[in-house]
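> Okay, here's the structure, questions in a sec.
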Amino acid sequence: MAAQGFLLIATFLLVLMVLARPLGSGLARLINDIPLPGTTGVERVLFRALGVSDREMNWKQYLCAILGLNMLGLAVLFFMLLGQHYLPLNPQQLPGLSWDLALNTAVSFVTNTNWQSYSGETTLSYFSQMAGLTVQNFLSAASGIAVIFALIRAFTRQSMSTLGNAWVDLLRITLWVLVPVALLIALFFIQQGALQNFQPYQAVNTVEGAQQLLPMGPVASQEAIKMLGTNGGGFFNANSSHPFENPTALTNFVQMLAIFLIPTALCFAFGEVTGDRRQGRMLLWAMSVIFVICVGVVMWAEVQGNPHLLALGADSSINMEGKESRFGVLVSSLFAVVTTAASCGAVIAMHDSFTALGGMVPMWLMQIGEVVFGGVGSGLYGMMLFVLLAVFIAGLMIGRTPEYLGKKIDVREMKLTALAILVTPTLVLMGAALAMMTDAGRSAMLNPGPHGFSEVLYAVSSAANNNGSAFAGLSANSPFWNCLLAFCMFVGRFGVIIPVMAIAGSLVSKKSQPASSGTLPTHGPLFVGLLIGTVLLVGALTFIPALALGPVAEYLS
């Protein structure tokens, strides 16, 4: 079993690096404002038709463009969900959503979280899924990538005030990265057996002679961007464990690759744009080390079996509860870590049925800020915050002004970095406390004791860090939970983007200082260790008390 797990992890990472390297080169061209070959004419026509100026923006203008687009998308999606019964492509005549569920869902998909307090096949029409949710899957992913584009430019430009043009970046990211790659993935999914139609639900006779209603819909097209954009919201309630979304072992492997593809490519692009590929490799090493350790822990925990079943004398050599037999324990464990290391949240197994330690690792990966590969764009700019913090700590230890890539890190940058890092832990801890203090929060718990608290902590961690996966034992479709989680998702997304853009605006105005004998190398194994230590230290100090009340207490009981 150990050899199979090692081979699975090694194969996954090898294929991932091979695919991400060329994509990283393409992203580097876009960051450097170099159009891809053959696209200049198309871009010129589109910019003219849309009235888009390619004049560069300062950080405030860039931020306002990103926020404006997302707020417009939020309003449109909210009213679309409220009135979906008036809109076309609704063969099942599904009614509009309640205001609190519509708000939660709209915020969820605009913030790239894709938390779902509903069952897709019984709640949303084809139009809502396709024109509402799928469109936001593209736009939220493009928004995250655009923010990291601006931050990377801040490190490479000197004595400037502009960071690029948000509209140009958003169009290029969508047209030349997200749409083509998602199209290829969708076609592969269709070839493998994923659904893509607009037929009404089909009544069929089962082998037992009973009738069953099979849901239909344009699944493959949404599934592709759901994974590529690290969105994670499933067309069906069972998400990627549903055979209509994820029919074969090949589609499952491609789904995992798609989740990590752009976050990995952005690390390669970062190295190319900064002129030092070792910087990108440093980030990849730090992410990969944490990732491999976490996968190993989850695999080990799940192959030990369920201790509660073992205590009752039942056969539980491995923990297969809540897992698809066609994928098994090892693949389910890998997928769980991939989807929570990135801000995806898609699942092929029920995380609520994992062992105490097996479920704690995905929860902790979210709590440290989704920086181990992370979401498209958001993962890298989240990790860059920890890089700045690590550089600052190292500067204090050696008595020098901290600097990174030649840019001095001053008080303003550190205040903004601390603010951005503290946003999500504050939301998680205060949100979980509020839920446990109120009857409306506690009444949603379907399990008592430490596991019930773990369900609450997982839900708030998932929402605040824009992941979207869940311990499904929590009944979250209530006004209290819909509003609480919507607030956490909104602030967790934009409460980090705003200080990140402010950091970019501050750094882009500075000159780059040449490296000296006293400059801390930020590309070697020493800094990789320092960066990993910073991530672990912040995560441990912040969440150990809460984790001790949940999964740790459950493991020890």
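The backbone N, Cα and C atoms fix where each Cβ goes, and this holds for glycine too.
Relevant sequence annotations retrieved from Swiss-Prot are reproduced here:
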| type | residues | note |
| --- | --- | --- |
| TRANSMEM | 5-25 | transmembrane segment |
| TRANSMEM | 63-83 | transmembrane segment |
| TRANSMEM | 132-152 | transmembrane segment |
| TRANSMEM | 170-190 | transmembrane segment |
| TRANSMEM | 253-273 | transmembrane segment |
| TRANSMEM | 283-303 | transmembrane segment |
| TRANSMEM | 329-349 | transmembrane segment |
| TRANSMEM | 356-376 | transmembrane segment |
| TRANSMEM | 379-399 | transmembrane segment |
| TRANSMEM | 416-436 | transmembrane segment |
| TRANSMEM | 484-504 | transmembrane segment |
| TRANSMEM | 526-546 | transmembrane segment |
> Establish whether the number of Cβ pairs under 8 Å between the transmembrane segment (5-25) and the transmembrane segment (484-504) reaches at least three, counting only pairs separated by 6 or more residues.
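They are not in contact.
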> Does the transmembrane segment (356-376) reach the transmembrane segment (526-546), going by 3 or more CB pairs under 8 Å (6 or more apart in sequence)?
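Contact confirmed: at least 3 Cβ pairs fall under 8 Å.
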> Report, as numbers and ranges, every residue of the chain located at least six residues beyond the transmembrane segment (416-436) whose Cβ falls under 8 Å of a Cβ in that stretch; write 'none' if there are none.
367, 369, 385-386, 388-389, 392, 442, 444, 453, 456-457, 459-461, 463-465, 481, 484-485, 487-488, 491-492, 495-496, 499-500, 502-503, 506, 538, 542-543, 546
> Within the same chain, where does the transmembrane segment (329-349) have neighbours whose Cβ lies under 8 angstroms from its own Cβ atoms, ignoring anything closer than 6 residues to its ends? I mean 6 or more beyond.
1, 4-5, 8-9, 12, 112-115, 226-227, 230-234, 239-241, 246, 249, 252, 255-256, 259-260, 263, 287, 290-291, 294-295, 298-299, 302-303, 318-320, 322-323, 358, 361-363, 365-366, 370, 372-375, 378-379, 462, 465-469
> Residues sitting near the transmembrane segment (63-83): Cβ under 8 Å, six or more positions beyond its termini, same chain?
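Tertiary neighbours of the transmembrane segment (63-83) are 57, 96-97, 99, 101-103, 105-107, 109-111, 124, 127-128, 131-133, 135-136, 139-140, 143, 146-147, 166-167, 170, 494, 497-498, 501.
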> Please report, as numbers and ranges, the same-chain residues at least 6 past the borders of the transmembrane segment (253-273) whose CB is under 8 Å from any CB of it.
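Same-chain contacts beyond the flanks: 12, 15-17, 19-21, 23-28, 31-32, 141, 145, 148, 152-153, 156, 177, 181, 185, 188-189, 223-224, 227-230, 240, 246, 279-281, 283-284, 287, 334-335, 338-339, 342, 344, 346, 373-377, 379-380.
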> What residues in the same chain, six or more past the boundaries of the transmembrane segment (170-190), come closer than 8 Å to it by Cβ-Cβ distance?
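Sequence-distant neighbours of the transmembrane segment (170-190): 23, 26-27, 30, 35-36, 39, 42-43, 46-47, 50, 52, 65, 69, 138-139, 141-143, 145-146, 149, 196, 220-221, 223-225, 227-229, 247, 251, 254, 258, 261-262.
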